[in-house]
Each structure stands twice: as C-alpha cells, then as structure tokens.
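According to TrEMBL, the protein has these features:
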type	residues	note
BINDING	Asp139	substrate binding site
BINDING	Asp241, His349	Mn(2+) binding site
DISULFID	Cys181-Cys192	disulfide bond
DISULFID	Cys263-Cys266	disulfide bond
DISULFID	Cys314-Cys418	disulfide bond
TRANSMEM	12-35	transmembrane segment
Amino acid sequence: MFFLRKPRGKDAAFRRVLPVVVVTIFAVLFVIFLLNTTTSDSHREIWSSNRVGEVELVKYNLSSFNVKPRLPKQNKLSIALQKKNQLPPRNLDLFPSLAKDHTIIVLYVHNRPQYLQVVVQSLSKVEGIGETSLIVSHDGYFEEMNKIIESIRFCQVKQIFAPYSPHLFQDSFPGSSPGDCKDKDDPLQKNCQGNADQYGNHRSPKIISLKHHWWWMMNTVWDSLEESRHHSGHILFIEEDHFIFPNAYRSIQLLTALKPKKCPTCYAANLAPSDVTSKGEQWDAMIAEKMSNVGYAFNRTVWRKIHSKTRDFCFFDDYNWDITMWATVFPSFGGPVYSLRGPRRSAAHFGKCGLHQGQGERNACIDNGEVNVELDDIDKVVNIKPDWNVHVIRRQEGYKAGFKGWGGWGDDRDRQLCLDFSYMYHYRDNT
C-alpha cells in the first residue's frame, strides 16, 4: 500500500531541508519589513503610554505635522516683537550658569500689572530661584507689564511675546476685522464674516486670546525656544495670579524626582490642589489627583502626547485652554490623568479679575492686587517626605469628558490658527 512505501532518498532529503528553507524565507521577509518600518519612521519620536516618565515603544508621528502653516499677515508691531523673542536672557552677568538639574519656570501673563507685581515679589523669595531661568510669555504688549519684568534681578529672565496675539491687531484677524460678525449677527442678513459657536455667538478677540496664547506658548517653549527646546526635565508653568510660596521650587523638584517611583502613571506634578480654594489635606502622604491649573509641571514626554491631540484641542468649542484639556484632551489619553502633589499647597490662586477682564476698559474689573494668603513657617521649607505613601483621589471632580464647552471657539479662522501654531515649528519645505 502507498502509506507503507519507504520514501526515496531525494524525497527524504527535501523534507529535511524544507523547514529550514521556510524559516529562512520568513526571517528574510521579517528583516525587510523592519527595514522598511525603520526608514518610514525615521522622523518619529517615542513616548510612553503607561509609564509616562519613561521612553518606551509607542510611536508619535511628527510627519503628520509637516503641513505648511497659513499664519496671518503680520504688522510692524508683530514683527518687532517676534524679533525681540530672539534676544538672549537678561541677568546673565548675575547668573551666568544654571544648575544642572534645574526646572525651568514659565510665567504667562496678559495685562494685570497689580497681580504681576505680587507674583514677582513672591518669586523673589523662592528658595533656589537663582538656579533656574524664568521665561515670561506675554499675550500682547503692555508697557507697565514689560517694566515689571524688566525690573527682575533675582534670576535669568527670558521674555517672549506672542506675535499673533489678537491684542496686536487692531483692524485685522486675529484681532477684529471690519467685516466681522458681532455677537449673534446673522452672516446673511448683516453680510458679515465669521462662524458662530454652538450657542450662536461670534468670536470675541479679547476672549479667544486666552486659548491662543497658551497654545502658542506651549509650542514655542517646547519646540522652538533656544533656552528650552532641548530641556530634558520638567517645566513648571504659572500664571500672573498665582502667589508662589518660598518652598515651591524645591517642592516641585522633589515631586518630579519622586514621581517615577511613587506614581509612575502620573503625568505631572502640581504645587496646589485641583480645588483652587483648598489649602490641602495636611496629611502625612502625597496626593495623586486630577491635574490642576495652578503651578503644574510636566516633561517633554507628556507634551508630545498633548501635541498629538492637536485637533482635539483646536476644534473643541471652548475659549478656555484648561477646560479644553479636561473635557477633551485628557479623556482621550485612555485613563485617568493624575498629577502628584504634596498635602499642603505651595502656590495659591488669588484675585477676582479674570484674564478676559482686562484693564483700561469701561467695564474693566477693578482689583488693587492685595493678597491675603496665609503663609506659615512650614510653607517656607520643603514639607514633603520622600518615604510617604501616595493617596490617590480617584473621583475626578469638575470638567470631564461629555462637557460640550462654554463656546467662544466656533470660528474656522481661530481653529486654523490653532492648527498653524502646531505646524509652524515642524514644517519642512522639501520642494
């Protein structure tokens, strides 16, 4: 019978060689696949999706941002300020070098000089402030604000001015254009231009500048500015209405150092609770909770993940950058976005005037900038113990996925400008 026949010599040899040939072919094909992948991904950067402080195997495609930006035509003031952004930091004679492990501080401001004066005074008393650099990002140009910053002598200071701030353009986008729709105008009846938000309201340049400035600043600090684009550590972000405690700098350094071991899934470190009215729990434990907008620090790994959500950020109908992050960007990360902090605050929000309630207007918010922040002796030194455990607050209060936004961000031009800020440092003209 056929199945009892002995195989011929050649057939037996072939059968012995066949598995080796098949394995070899598959190995060659796999190597070719890897080479093609490496070639096509040579422009990609890597960030981690689980241990967010480390570099792992998740790929981030920068080539998707190689789009030519369509930035608005600049006026003389805009061009002058953009050139001013190239000037070296001041106080290099007083602070010629920075500490090796320094944490850059970025202070972003608009036009509340009474607040800024308080913040600058508080920063001058911060332990270790002379070891680092302070980058001040201005939304528009206001002489009184500029003078306050120029008076700083306690650290290196680098000023940058948003060259496409609506406050710099009096009769053209991103400011107000003569043919723009106002309030709830009907474009057909009024023969005006603009897209209304989800509530039927047209853009207000004064209000939308908040989100534009924050996004321009983030892209510039992380991806363009010579003083920060190669920084490998965390960057601390504060606003002009954040009173900074003397222990703030040492505290953020400790928190960011402890974060990889104590809270490896934490995206950031914070100087204050997410509830801006809270002074902290006073526990003998560190806290991991929702990322706050008061004194927050994260690294380039986290920035890359935020930047990869550009379209989510730029198309969400809310003029607030922080609400946009909480309601659409962070939820897209696939899990809770925790930030590590101490049980006592090291920064405090103060004042009653919002950024959009500027100075020099008929209905301007009036506040003399007096601050009533209790500062105990324990707040003057680091009050976090490295051996403490971490208490996780899992219930995320406030804005979250599902919130549709407060509006103010429905105009296609604002959304395009937001996208352009994401493209402007990554576009390469290969023609």
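Along the chain as shown, the residues are counted starting at 1.
Even glycines carry a Cβ here, placed using N, Cα and C.
Curation plays no part in TrEMBL annotations; they are all automatic predictions.
For Cys192 (disulfide bond), the nearest neighbour among the binding-site residues Asp139, Asp241, His349, judged by Cα separation, is Asp139. Distance between Cα atoms for Asp241 (Mn(2+) binding site) and Cys266 (disulfide bond): 25 Å, as a whole number.
For the pair Cys314 (disulfide bond) and His349 (Mn(2+) binding site), the C-alpha distance works out to 26 angstrom. Cys418 (disulfide bond) sits 15 Å from the residue listed as 'substrate binding site', taking the Cα positions as reference. Taking the C-alpha positions, the distance from Cys266 (disulfide bond) to His349 (Mn(2+) binding site) comes to 23 Å.
In the structure shown, the C-beta of Cys266 has more C-beta neighbours within 10 angstroms than that of any other entry among the disulfide-bonded residues Cys181, Cys266, Cys314, Cys418. Between the alpha carbons (Cα) of Cys181 (disulfide bond) and His349 (Mn(2+) binding site) lies a span of roughly 35 Å.
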